[in-house]
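Among the features that TrEMBL reports, active site, charge relay system is placed at D74, H123, S449. Annotation comment: TrEMBL describes 65-482 as domain 'Peptidase S8/S53'. Per TrEMBL, the feature domain 'PA' maps to 279-368. Annotated domain 'C5a peptidase/Subtilisin-like protease SBT2-like Fn3-like' per TrEMBL: 526-637, in sequence order.
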Amino acid sequence: MAALPAVKNMWPVKVYSIPKPRIEWTATPGMKAPLKKRDLNDTADTFSPHVQVQVDKLREKGITGHGIKVAVVDTGIDYKHPALGGCFGPNCLVSFGTDLVGDKYDGFNAVYPDDDPMDCQGHGSHVAGIVAAQENEYGFTGAAPGVTLGAYRVFGCSGEAGNDVLIAAFNQAYQDGADIITASIGGPSGWSEEPWAVAVSRIVEKGVPCTVSAGNSGDVGMFYASTAANGNKVMAIASYDNSDYVSLLNISHYTVDNSSKKIDFGSTAGSPAAWGNVTLPLWAPNLDPATPNGGCDAYPADTPDLSKYIVLVRRGSCTFVQKAQNAAKHGAKYFLVYNNAASGASAIDVSTVEGIVAAGMVPAKTGTKWVELLKAGSTVTLEMSDGSDGKVILEESKNNVTGGAVSTYSSWGPTWELDVKPQFGSPGGNILSTYPLKKGGYAVLSGTSMACPLVAGVIALIAEVRGTLDPEVLENLLSSTSNPTLFNDGAKFYDYLAPVPQQGGGLIQAYDAAYSTLLLSRSSLAFNDTDHFTEVLNFTLHNTGKTDLDLSISHIPTKSVYTLAKDSIYASEFPNDVADGHASLKFSESKVSVGAGDSVTIEVMPTPPEGLDAKRLALWSGYIAVNGTGVSLSLPYQGLTGSLHDSKVLASDDTWISKSNDKDELNPVPANTTFVLPVKGQNATDEKPAPALAWKLALGSAKLEAELIPVSGNSTAKSLGAPAGFPTLWNPMGKGSVVWNGKLADGGYAPAGKYKVAYRALRIFGDEKKESDWDKSESPVFGVRYP
């Protein structure tokens, strides 16, 4: 087929998992409006994610994204939800779109498309609400409630989605006239040439801005850009933590010293959850909220019969199960934990602890107050609710630990060809939005999946103000007006900015982007690695305003970050080691005057930092600041000390044979293991697994080849050629595998016998024609036979 004149290229179909944001809270069907909510009669937008990115300022001016069409490529949308319009079709909020796959699609079977993009998962409905939710009983709206939404469903009710479906969805949205396309979907890649990334890039080139989530693999460390976010000109969106913790809690009551006054409090039921009609006094093993290990040690012998109390312990230092076990040893049935941070209350699971019939959590301030009352000698009696009455309380508290920081789960760039990724970010941690009615209607989720649609909504607002949907203009505006934030490792802020491969330009600022009169011609500068170092790059300042501008150009560096672990070919996990060294920048001009309507070009000449260990691939980055009266812009830059080409991507012993039913762990089987292959033309099953030809790449590789080498039997061939499924293209670093059913790439089947697999992986910036640009490895011997 590849030889046909009409065929330009061929790619294997890859599948991507359904996005899995962290679920902080979901409502239950029939749940009533929260007791505490924002006043819907107040036109001010006080929703914390909106305040963080200046959406509130645009909404104050009546900007809603009116007339803009935003396509959401996801799990569909519950368009029957009142806050999502209540209908589908013309004159509805969700006015266009389609189901490309059908309910039963799982990424591997046939698609059964239809015209109804109803969501049976939840992810797409949450995303849609972030873009355009209408006023509701929870007191928030989407960033751009004036847009119309398109729902392009690419997932069934379970399973995965193929990149062929994702490409089709983007193409369909483009053909249907979408002004903006957003997708909170992806998988590790790091290569802009991956087919889905290429398809999205072409749509951007046609004039349609596309936002794609950067991914939730921040724990992996650098160089883990996700596709299709890694596409050229595609806006890759990082996640920042909400400045507020949002908790929706069941309402219960307590009294102090048998007073008739009942005081409301909120709690989250855990597992088990038999709280109905429980009224008991509190007892705590430790009355000092500052003690981190409260409840972790065995209780003293004089502990009372705890079946007559609700036991209260502080979160921290040991597992919930251990704390519950210590309480249960003294008869406890009812077990509450109070949080050790201002992050609301989450569900806990102590269902394995014998004797405990109900568990839950209360916020830190609630538990601390109770402990103080107990310490003062008061009796605190709780009247617990199991939530069946549908009454909830909405609590918001300031996140002083990570609020405003890049979320630790947000994936790091850059790409393997050292393009800057992500571009910028928005709040994605702890976000309240809509959810399918059958699943409660509302939920609090965390992920880059939540950050991405907020940026899409912001683009709609900016487009309404500026009258343009030019992707390059919008990306440059958003990047230059973003606020770079300090690095946070999940526990505290540091005194240096988060590196560019974690946050790109920074946290977007919608109002500033909408009204900036000074335009930068680029969204970032990439100086590449030592082998491909670019000595000079430039950017242009264009003054679209009516007054002349006197501007200063300066440099704000941040810490350099090591990609590889010390004395290793493998990448470090988050947080990567940092080095004090940073680049110095020389500008062609550091003071410039830009007349109204005029432009000035600035050349930037970097000197890479000294003293860095080039073998560890040290990435240096920072920001070029442009300041003047009423002007405060920045331009992210990056470069790398070291050679990606000279860095090994595949160790000689990093290939092995695993089982097809061990796809998560890919544990190696013993050498000389024999597999019974499925009948020719059929696939393996979990009960009768086939060999999984496995590898671990130290860094990404554009091409991984494999040959099947006979080591016994009647075959005289040195190689039977490639197993079906090889070569694999545009590979991320880390583990991978191809399940092999005996078929060869040429369509034939390997005979029964013993084999090994000879792999070779192309180095970054490598030339396929040069043997020295390939790293090689051979698997242990394994055997195959047919039924």
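Each Cβ is built from the backbone N, Cα and C atoms, and glycine gets one as well.
Comparing the active-site residues H123, S449 by how many other C-beta atoms lie within 10 angstroms of each C-beta, the top residue is S449. The number of other Cβ atoms within 10 Å of the Cβ belonging to D74 (active site, charge relay system), over all protein chains shown, comes to 31. In terms of DSSP secondary structure, the domain 'C5a peptidase/Subtilisin-like protease SBT2-like Fn3-like' (526-637) contains 3 helix, 59 strand, 50 coil. Note on the domain 'Peptidase S8/S53' (65-482): mean pLDDT across this stretch is 94. The CA atom of D74 (active site, charge relay system) is located 10 Å away from the CA atom of S449 (active site, charge relay system). DSSP gives D74 (active site, charge relay system) a strand state. Here the Cα atom of H123 (active site, charge relay system) is found 8 Å from that of S449 (active site, charge relay system). In the three-state DSSP assignment, the secondary structure recorded for S449 (active site, charge relay system) is helix. DSSP places the residues of the domain 'PA' (279-368) in helix, strand and coil in these numbers: 17 helix, 21 strand, 52 coil.
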